[in-house]
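Q: Feature table excerpt (Swiss-Prot):
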BINDING   CYS83, CYS86  metal cation 1 binding site
BINDING   CYS181, CYS184  metal cation 2 binding site
COMPBIAS  63-73  compositional bias 'Pro residues'
DOMAIN    72-136  domain 'HMA 1'
DOMAIN    170-234  domain 'HMA 2'
MOD_RES   CYS352  cysteine methyl ester
REGION    1-74  region 'Disordered'
REGION    132-157  region 'Disordered'
REGION    235-308  region 'Disordered'
Amino acid sequence: MGEEEKKPEAAEEKKMEEKKPEEKKEGEDKKVDAEKKGEDSDKKPQEGESNKDSKEDSAPAAPEAPAPPPPPQEVVLKVYMHCEGCARKVRRCLKGFEGVEDVMTDCKTGKVVVKGEKADPLKVLARVQRKTHRQVQLLSPIPPPPPPPEKKAEEDKPIVEEKKVEPPVVVTVVLKVHMHCEACATEIKKRIMRMKGVESAESDLKSSQVTVKGVFEPQKLVEYVYKRTGKHAAIMKIDPPPPPPPEEAAAAAEGEKKEEEKGEGESKGEEGKDDKAKTDEEKKEGDGGKGEGEAADNGGGEEEGKVVEVRKIENPYYYYYYQPPRVAIPPMEMPPHAYPPQLFSDENPNACTVM
């Protein structure tokens, strides 16, 4: 019995020993919290005292007066004004302009003073220059210099390959122009020399030809001559001849190649075609005789049956009469007036003599 009573007592002692270190830790934590609260409470009265001192120092200071507004910006321009009317015109064009509050002009010195905080000097300058049509200078404020150009933009631009420009070809053109006198030849030569690109022009009155030398298109020269002189011109000769365009030159080269290939193929196939050609000729001769006979039979009849009407006589009589005037009612045909009968005429020796 004694041992059983000792066992629960030993278990209780162990529990008490385990609780003691936990209680010690809790006590230490409480002490640390209390110390922190004490420090905070000490700081608060110090801050309050400092705030009170600052309020006491600021209280006796007098309130500061508000700063005066800055004067409005002045724009000074130089404009030529020879009378009060010019000055009035300048003031009127700037009155009510954006940002302008007041305008003062001085005709003697030629200065215009524009007051306004939001007035843009460059816009005011452009306004006066546009309205007065005079040269205007901006004396103040001096506009800032333009920013330097960005080098990056130049670097970013793609490099363009320079195309080789071929030198212009000097062309000599002979034109056929009708000229009936020396004045015509001189006038045509003078007009042609005014065309751009023409170096020289020579006119020949006997052959009615004009020789033109220079850098130009022959077709445009013909159009220019007709436009300036009213005379039709024809191109007789071009020296040197103009080169064909690239598309036509390529097509011509391809055509030459095809012709060469065809020539080689034809030379190979000529031997085989000789026999066929002979047989074809014999057949054609046989068919040709029949065709000629049929053509003779049919063609002869057609030629005989054709009647060519040279002139058709509308009026069967051999005399004429005046046409009636045009009226709304269709005209009536008048009976034709015949010649008097010659049967009983005294002038006709072959007339009847039995009277």
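In case you wondered, yes, glycine gets a Cβ from its N, Cα and C as well.
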Q: For the domain 'HMA 2' (170-234), DSSP counts of helix, strand and coil?
A: 24 helix, 22 strand, 19 coil
Q: Could you state the CA-to-CA distance between CYS83 (metal cation 1 binding site) and CYS184 (metal cation 2 binding site) to the nearest Å?
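A: Checking the Cα atoms of CYS83 (metal cation 1 binding site) and CYS184 (metal cation 2 binding site) gives a distance of 60 Å.
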Q: Within 10 Å of the Cβ of CYS86 (metal cation 1 binding site), how many other Cβ atoms can be counted across all chains shown?
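A: Looking across every protein chain shown, the total is 17.
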Q: Using Cα coordinates, what distance in whole Å links CYS184 (metal cation 2 binding site) and CYS352 (cysteine methyl ester)?
A: 77
Q: Using DSSP, how many residues of the domain 'HMA 1' (72-136) fall into helix, strand and coil, respectively?
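A: Across the domain 'HMA 1' (72-136), the residues distribute as 23 helix, 17 strand, 25 coil.
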Q: In the predicted model, what is the mean pLDDT computed over the domain 'HMA 2' (170-234)?
A: 90
Q: Over all shown protein chains, what is the count of other CB atoms within 10 A of the CB belonging to CYS83 (metal cation 1 binding site)?
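A: Neighbour count, Cβ to Cβ under the 10 Å cut-off: 9.
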Q: If one measures from the C-alpha of CYS86 (metal cation 1 binding site) to the C-alpha of CYS181 (metal cation 2 binding site), what distance in angstrom results, rounded to a whole number?
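A: Checking the Cα atoms of CYS86 (metal cation 1 binding site) and CYS181 (metal cation 2 binding site) gives a distance of 63 Å.
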Q: Distance between the residue listed as 'cysteine methyl ester' and CYS181 (metal cation 2 binding site) at the Cα atoms, whole Å?
A: 74
Q: Name the residues of the same chain, 6+ apart in sequence, whose Cβ is under 8 Å from the Cβ of CYS181 (metal cation 2 binding site)?
A: LEU205
